[in-house]
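Engineer: Dumping the structure here so I can ask a few things about it.
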Amino acid sequence: MLLCIDIGNTNTVLATFDGDELVHSWRIKTDALSTADELGLMFRGLLAGDAVEVTGVAACSTVPTALRSVRTMLDRYYPDLPHMIVEPGVRTGVQLAIDNPKEVGADRVVNTLATYTLYGGPSIVVDFGTTTNFDVISGRGEFLGGAFAPGIEISFDALAARAAQLRKVEATRPRSVIGKNTVECLQAGLYFGFAGQVDRIVERMVEELGDVRAVIATGGLAPLVIKECRTITHHEPMITLIGLRMVYDRNV
């Protein structure tokens, strides 16, 4: 089976594929200081628990220090297996129609490939993670750029940190947009404000594009808020891993 690894700022998601079929998946906390040996032993433990036999590995990361450890881990623990890390020089088939292609994160590239392959374009991917990333894909499958916004958990943390009379509260949907106490008022403003922000950014993007085939939600925090977002058309929690599989097939 192919092992795909997506290392984000907060979480690392792994999945195994048998051909096009996703068979197993795991989500663990990202530690940018993890050594190659720690990663190797952890991944081997996860795979052994489900009796998974790996025949190849594909990886991408937005965390440079973690990516170096992954590269060393692959060479040390899987030296005989074909493996691929999404980085400049890897064939993705995605044209980057932006000012500086070197600035584009690997996750955004593989999201573009998977979304265009599955849904066509124009399309928009909203990745709900530590940050909220909006990725715009043309009708020809080009990556056109997008937008960044704070993630919902960052927004909750920032308000508590900067407002003396307010404390940190759980990032969750309140019972009403009209809060009856301090906690509910915080949750109402942040939660519904965040959902409204997502919808407005997507609406403005659609206005510029003219029309879209799909608006895809992904990322670990997507389930928290997508029911309140009126512009989301599909939820694909594994879109990055699916894209990794597609890039691997193009290169190995």
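One-based numbering along the chain as shown.
From the backbone N, Cα and C atoms, a Cβ is placed for every residue, glycine too.
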Engineer: Need one residue: from THR115, THR117, THR130, THR131, the one Swiss-Prot lists with ASP6, ILE7, GLY8, ASN9, THR10, ASN11, THR12, VAL13 for ATP.
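Structural biologist: For ATP, Swiss-Prot names ASP6, ILE7, GLY8, ASN9, THR10, ASN11, THR12, VAL13; of THR115, THR117, THR130, THR131, the listed one is THR130.
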Engineer: Can you tell me the three-state DSSP label for GLY105 (substrate binding site)?
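Structural biologist: Going by the DSSP assignment, GLY105 (substrate binding site) belongs to neither helix nor strand, so it counts as coil.
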Engineer: If you count other C-beta atoms within 10 angstroms, which of the binding-site residues GLY8, GLY105 is the most crowded?
Structural biologist: GLY8
Engineer: Once ASP6, ILE7, GLY8, ASN9, THR10, ASN11, THR12, VAL13, THR130 are set aside, which residues in the chain still have Cβ within 8 Å of the Cβ centroid of the ATP site?
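Structural biologist: In sequence order, the nearby non-listed residues are THR30, THR62, VAL63, GLY129, GLY220.
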Engineer: To the nearest whole angstrom, what is the C-alpha distance linking GLY8 (ATP binding site) and ASP107 (active site, proton acceptor)?
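Structural biologist: Here the two Cα atoms lie 9 Å apart.
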Engineer: Between the binding-site residues THR10, THR12, THR130, THR182, whose Cβ has more other Cβ atoms within 10 Å than any of the rest?
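Structural biologist: Answer by Cβ density within 10 Å: THR12.
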